[in-house]
């Protein structure tokens, strides 16, 4: 089975081992260590780590399309945010009559805007199963429609990148509008509980962190399963020589569409796990800057390695936390410099450095060619 | 004898009168008029004002305006009437109302304000309007007549009619006629409705609307007919205005995108820092204005070459330090230049300020060109449109008629072949990139006249610029022009019923769909250039 095959790989075993060990260590340090101990991991740190893991899952999703399909998506933040909004809508409905205005059905911002009934697309989000399904379906559907149109007419390379960026930009503008019914530029916030657990307790936060870790593990295995399957081979072939693959008789656009939709769904899950942990979702997650930042995480970690994406996401976001805390002005300099340095001096990223040191041939081609052909 | 004596007396009186004429001429009649005004008891003020008006003195308007603004005072010691130029603080700056000579400062205790009551102040407005109607400058007369529309009362009808007979300028005549017609319509005159039918002035419409709500059925019918014809004309003007705004927005898009059409379209380099080069151009304008305070016009003209140079040099640095190392890797180029754009934005934030800077618009660029009452075109947009067309034409010439353009086209079509023909491809790369970047700087100079100059200026244009280039067809300057103008117009057409944000979203979605239908844009390249 394609999903169990990755579990027999050494690299996947290693990745999963480290991930599970890290989850276990954090959990133990959080629960068992007394609060004044130096080894104690605070609830704040747990949530922060949970946030990083969401970003890591998003990075894996981007790496799947960029590394193995050759599509540089500058709009994956859109799928992430849509997943987040689906989760946010569920959490908003869970507030019930505990909001400032005490309306049992309408979220606060709708009362504030004098709306008298719930818009049609908000129905159903009071049920967890429906909302969680939407977390997958909404980003998936958008990716399907967008991908179907784009791949069918063979829009590739830079053009595709720019229209994905336009896509997320347009969505950002749309979600900023109050009339859209998603809280305008304030977004959705002030969440109370998820599945009956109070979001403000440490136990729920730890639970969300562990859930994110498990989601990352599953997402990684799915991606690994895809790229090592026959479909994955074809997708790598599309990346390296699209025209040739097509002449060999493969339906390139179908492969691209499948991988793109899977990637969008993973991004949606990442967003859905992100929202309860940071406690807010607003249109800034749609900003083109965020999407392109994700790409640089992947580039830093090493494209077409999957684990590199995780490393890159964790490193850059840790650096961001440190920088914005110590000297906020310098962060954009550092990020900008990172873009330049990685692309010019470190084209294979950190994973490339690791591979060079080990001098062990990887399963993948170590030198992915450009996908612009 | 008595006759002789009487004649002698009259002769003497006449002589005396003759003698005194030069003396009177030296003694300015204005002085007496003003003193009269200042000394008049409140029942006589109107008389004194009329005397000033009837004197036909050119300075009368200034005096009355000062009077209305409480700026007319008497010096207690000498009784001289003076204009108060500045009445703040203890010492007031005064001037001679007769010669306009500045008399320096005088303690306000030594001055006595010429009193005015509200009844007079109310009348003064109409009196000054009549004075303006008699002014020598036809523009002043027209503005004053326009101001009279809807304010005419029974007392003003006769003087206006008298003025109408003397008036030579057709525009002023139209205004006076309209002003009179509004009065007559108010009085229930049906024939006057006809006069107003052609007027686009809001007050004419207001008068007609009132007439349409009146009791007389004939008047209502006539007024409605006139209103319908006005409505028609207004719609036409509205359409013209939308088109103007659309073309203006389009020319901004063209300016922003045309540099990109060179670097991305012709050279194939994805420069995400293009928006920041625009921003550099705008900041250069601001900087040059800081260097030349008080001369915004000169500064703006100077910043055209300066903005070009600054952006071009920045472009060369970007090309040499980053882009040349990423040749043939467009996606990496995209990422690296995006990083550069972040650095440039933050640099501006750190070095200058995160806040927006104001760039002064020179006088000859502000204001608007009035076509009629419903349509006026703002001058700055008109200038930017012209500037966009000039830049476009110049670029076209460079690409078509110069050696550089020939080299650029050769290198883009077949780099290896061009090099073997002796063209220094690297040098061409640098020059082309500098040209594209410099044009971005020019766009920034123009944009500084239309929008806020801030660190995010470029970010707002980068996606639009790429859309324009891709929509028009990569590598095709004409395509960029057409795409920019049409996207701007479409956006403006959508705005009234969709709102600004939704219009933008619709345009973006439209382009996304369009690119999927025609991936090569409106005007795809043909022939050898299309091979890559």
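Here the Cβ of each residue, glycine as well, is placed from N, Cα and C on the backbone.
Annotated features, as they stand in TrEMBL:
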{"type": "SIGNAL", "residues": "B:1-25", "note": "signal peptide"}
{"type": "TRANSMEM", "residues": "B:243-270", "note": "transmembrane segment"}
{"type": "TRANSMEM", "residues": "B:298-318", "note": "transmembrane segment"}
{"type": "TRANSMEM", "residues": "B:330-348", "note": "transmembrane segment"}
{"type": "TRANSMEM", "residues": "B:382-399", "note": "transmembrane segment"}
{"type": "TRANSMEM", "residues": "B:430-450", "note": "transmembrane segment"}
{"type": "TRANSMEM", "residues": "B:462-485", "note": "transmembrane segment"}
{"type": "TRANSMEM", "residues": "B:497-515", "note": "transmembrane segment"}
Outside the transmembrane segment (B:462-485), six or more residues from its ends: residues with CB under 8 Å to it: 246-247, 250-251, 253-254, 256-258, 260-261, 264-266, 272, 274-275, 341, 392, 395-396, 399, 412, 508, 511, 514-515, 520-525, 529
Outside the transmembrane segment (B:243-270), six or more residues from its ends: residues with CB under 8 Å to it: 277-278, 315, 319, 323, 330-331, 333-334, 337, 377, 381-382, 384-385, 387-389, 391-392, 395, 399, 408-409, 412, 429, 432-433, 435-440, 442-443, 446-447, 450, 461, 464-466, 468-469, 472, 474-477, 479-481, 483-493, 532
Long-range environment of the transmembrane segment (B:330-348) - Cβ separation under 8 angstroms, sequence gap at least 6: 268-273, 275-276, 279-280, 283, 314, 318, 322-323, 455-456, 458-459, 462
Candidate ranges B:382-399, B:430-450, B:497-515 - greatest C-beta contact count to the transmembrane segment (B:298-318) (under 8 angstroms): B:430-450
Cβ-Cβ under 8 Å with the transmembrane segment (B:497-515): same-chain residues at least 6 beyond its ends: 463, 467, 470-471, 487, 490-491, 521
